[in-house]
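J.: Sharing a structure, written as structure tokens. Questions coming.
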């Protein structure tokens, strides 16, 4: 990401680490040698990295421009010293602290020139001894300056091939080691202490890579390894960067290719040596992974050379590059919000008027430049050590000194005795278990209140009546109202002692809902008493007047109201005269309102209001909530008994919970126990559990466990036992298991999950699952725990991808590349001979069209190790007509490459007609051997006979054939200098591997098949199969030679008939139809079908490979279950790789995907053999686990043992392994 652009053609130097409180500063000085000088070119400026700052923080005019700048710390200068090689050939020193103040007078420390008057160029400070400065001049001298005594520099001895010194660089670990590079291709390593050369490095090239013959433009030493360095070669035709390890100085450790022109500057990341920054003449600044040799990307390009690039020593997130475009840019290695900014730029560009577009074109192009983010995490962003708890009871950890992840068992803090007390949530299922548990709680109670609570739990478990609850609080058995005074109470009610619900109904007089108040019952009582005493008191039956003259006006009004049925008016008239008795008597004939009116008036007339009046009023109004809310909470026992006596079943639990909440709010120990009593009586799990959860935090302080965690587990176990028992007693059914939010028991659910984790850590997985089953699946954290336990308890529930068998392939240890271990390989050619084509003795080579070559040979940053021991390849000369054999009647077959015996031509007869019976075709006799050859008959197994020694006098004029991809990767060893058997026959040009499923049509005229280009990515293709052994340019014979035509001195012994007959199999290979019979000779030989294998097993597998697809290409819905993991893992890895690779590799990814789709199509049609699919499954498993060594071993085994079943898709598998390894 571009942070800042400074308009200046300059050379640069970052401030060293530890200077300016590690706030990075960038020194810029005008770059010499550029045209169109400006006044600002002679300014020495200091800039900060703040993108918003558009002016230097300090500058002075030094009246000169610079070849190079260097900045290092100093013992007597807090900001260090800046050194610069001047335009006039001298060297100057400046104080950055004075430059920050723009103090020109005190900024300059000193200026010196070399003794021989040479022009000094490159500079570099010694980081271990900052007083030492190295520089090189245009006469080939390397100078060492001591800034303590700058008047006395000394020069190192001149090299034999002295020329202008382009670069000097001090070693970062050994203070007296210096490297320099000049206009020759040599990099010289110096021992400054001994003032002598230690080593000269140069690269003479290897197979496929040209020699590094240009000048050395830049040298960068590894920050941490004293023997490693990188050099940039000034060769536009072969722009390479070489990394060296001086322990093996004869060959570079790696070759970095990707620049289009020579690199001019190198800078190693100071904090993570994995990264190397380079910039060059192609206007590119690239970042490399030095360990793998691949390019990680490049910063936005410049329109001119990038002359110098440098990683910031104090902030490795920043890099600076200077270009001849007149710009110094500061970049970040991480881009942010690039997509949004580019989208906004594109929208803005589309809205610009056509007339103004070209005026804004530079800014538009700059805003849409490609962004760059480092795809690998730098070392300073990586976590050096870490650990995570795993499941069950595991610790996964890693350390900085190992790339392996360690999995260990976490120490179990739960004692064995405590673990024995763990139980499932279904522990309390019988009455005896509950009773024993409650009795144990009574015995272990620390207070009387706690013991009463345990007794109440026992009573609730036995379905005791409310009378039992009152007895526990010291009250006698509850009785119905008037039980002691009224002898006329129903005997069934008097004898009832079953349940508190029925008892409360009787005590509550049963009919309170309508006219069941005390006064209504009073009327009934009066009526009952009247009827009972009817014999003793008869109603007066004398005559009377309704309106008596002696009655007062009030009495007459009351009488009139009664006659008309207005009882309420009569009652109110009595109350106005304070005739309470009369009003009370009259209200017995009225409704509720009459009775309430009398009751309220009576209550208001009482000067002293006793509590029984308040209670009676609440009872009469059925307002028990009034008593529970307003009575003194210290009398909670009386309130509880009042609730037991008068509350209905529906009212009982809410009223008890309200009373318990009032007690819980007091927050003292005794009140908490009292609240617990009320919650138990109400059978409210929510209130009871919340109270226990509050007690859990304080109960651990009183535990006698050895540790705080042990105390927590102990108290949590007791809580779970209480909750489990309570759920069993009340037969609790949770209605919120399907809820998704607003859970009333959320606190209890969290404890369930925590306790399940403790049980899992102790190995009690079934018990843990029993508690998780009590938690809603949508509760946070529940689903994950259930899934993890399910995987342990039900292994069959794990997806099949995790049941893949482990591969038996061991990783191959990497070998050190040696120059002598790399040998050239001889190309192998392939062709097919048509059994139905008319042959001729005068035939030109077949016009075979090879597969399309790659359009470009650029590697796009993809590098291989250098190949040594093989000369550069030359383009093959045009093919010559084959030389006829001197033997009469012999065929003119040209020997194929890689073979020291004559090829055997097998000409089966035409296919049988309908009238013919199935019979084995006859095998033709092979041609006689040529001069100097020994005849070797074909073997029954179809394998080639080992070749015998060829003459050791090759034709020096024979052109060297280029390698084909098949030959380059062939694992069949061959002699590096194998000449053809005929010294005048040129070596055949290697052709591309021909797929047996393709049929090529012959064309008229003789055409030379061009050699294939070097592939963009070197992969390991499959070796040629048995059907690809013959030469592509082998002319077919005119006829089958008879034994009499053979030389008498050489009599071939034909193999037995059984070995020459094709096997009879139910599945026959696909054979192309013969062409129409024609008497005319074809202009060139037709490409033939593959010969039939001579092994039944190989025939069947080859047939299955070439079998037609059952389903259309691209369909993946019919892949069998046992093969689907192959598809899923390979496809997932392909998608990961395609997102990780840079855009330059898109063609490689596309080709890999196309080849893998061929494999997926065959998996979908289930046409691959079981041995092959087993190997592919093991390969995919290793690749998915990033075990690339094992995956490569399996791929090699597939190619070597099952190669005849492999098609073009094997190249895609091989390439996927390579790409996956490079992007991990």
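Every residue, even glycine, has its Cβ placed from backbone N, Cα and C.
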J.: Quick test of your reading of Swiss-Prot: among 786-812, 813-839, 840-866, 1137-1163, where does it put region 'Disordered'?
T.: 840-866
J.: Annotation phosphoserine per Swiss-Prot: which of the candidates 925, 1042, 1047 has it?
T.: 1042
J.: Out of 278, 335, 1044, report back the residue that Swiss-Prot marks as phosphoserine.
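T.: Out of 278, 335, 1044, Swiss-Prot attaches the phosphoserine annotation to 1044.
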J.: According to Swiss-Prot, which of these ranges is region 'Disordered': 480-512, 513-545, 546-578, 579-611?
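T.: Per Swiss-Prot, the stretch marked region 'Disordered' is 480-512.
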J.: Within the same chain, where does the repeat 'WD 6' (258-300) have neighbours whose Cβ lies under 8 angstroms from its own Cβ atoms, ignoring anything closer than 6 residues to its ends? I mean 6 or more beyond.
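T.: Here the qualifying positions are 2, 17, 214, 217-225, 230-236, 239-241, 243, 306-311, 313, 316, 319, 321, 323, 325, 329, 331, 333, 369-376, 378-380, 859-863, 1142, 1222.
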J.: Across the repeat 'WD 4' (160-200), what does the pLDDT come to on average, as a whole number?
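T.: Averaged over the repeat 'WD 4' (160-200), per-residue pLDDT gives 91.
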J.: So, taking each listed stretch (114-155, 160-200, 302-341) in turn and counting its Cβ pairs to the repeat 'WD 1' (18-57) that are under 8 angstroms, which one gives the highest count?
T.: 302-341
J.: Could you give the residue numbers and ranges of same-chain residues that sit at least 6 residues beyond the repeat 'WD 8' (388-410) on either side and whose C-beta is under 8 angstroms from one of its C-beta atoms?
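T.: Residues packing against the repeat 'WD 8' (388-410) from afar: 760-763, 765, 788, 792.
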J.: Taking helix as H, G and I and strand as E and B in DSSP, count the residues of the repeat 'WD 5' (211-254) in helix, strand and coil.
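T.: Looking at the repeat 'WD 5' (211-254) with DSSP, the answer is 0 helix, 21 strand, 23 coil.
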J.: Give the nonlocal contacts of the repeat 'WD 2' (61-104) in its own chain as ranges (CB under 8 Å, at least six residues past its ends).
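T.: Cβ under 8 Å, 6 or more out: 10-16, 18-20, 25, 27-33, 37, 41-46, 110-114, 117-127, 130-131, 133, 135, 137, 145, 147, 150, 308.
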J.: Please count the residues of the repeat 'WD 8' (388-410) that DSSP assigns to helix (H, G, I), strand (E, B) and coil.
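T.: Taking each residue of the repeat 'WD 8' (388-410) in turn, the totals are 0 helix, 12 strand, 11 coil.
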J.: Residues sitting near the repeat 'WD 3' (114-155): Cβ under 8 Å, six or more positions beyond its termini, same chain?
T.: 16, 67-75, 80-81, 83-86, 88-91, 93, 162-170, 172-175, 178, 180, 182, 190, 192, 195
J.: Counting by DSSP secondary structure, give me helix, strand and coil numbers for the repeat 'WD 4' (160-200).
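T.: Counting residues by DSSP class gives 0 helix, 22 strand, 19 coil.
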J.: May I ask for the residues of the chain that lie six or more residues beyond the repeat 'WD 7' (302-341) and have a Cβ under 8 Å from a Cβ within it?
T.: 1-19, 22-24, 26, 28, 31, 34, 49, 68, 264-272, 275, 277-281, 283-285, 287, 367, 371-374, 378, 380
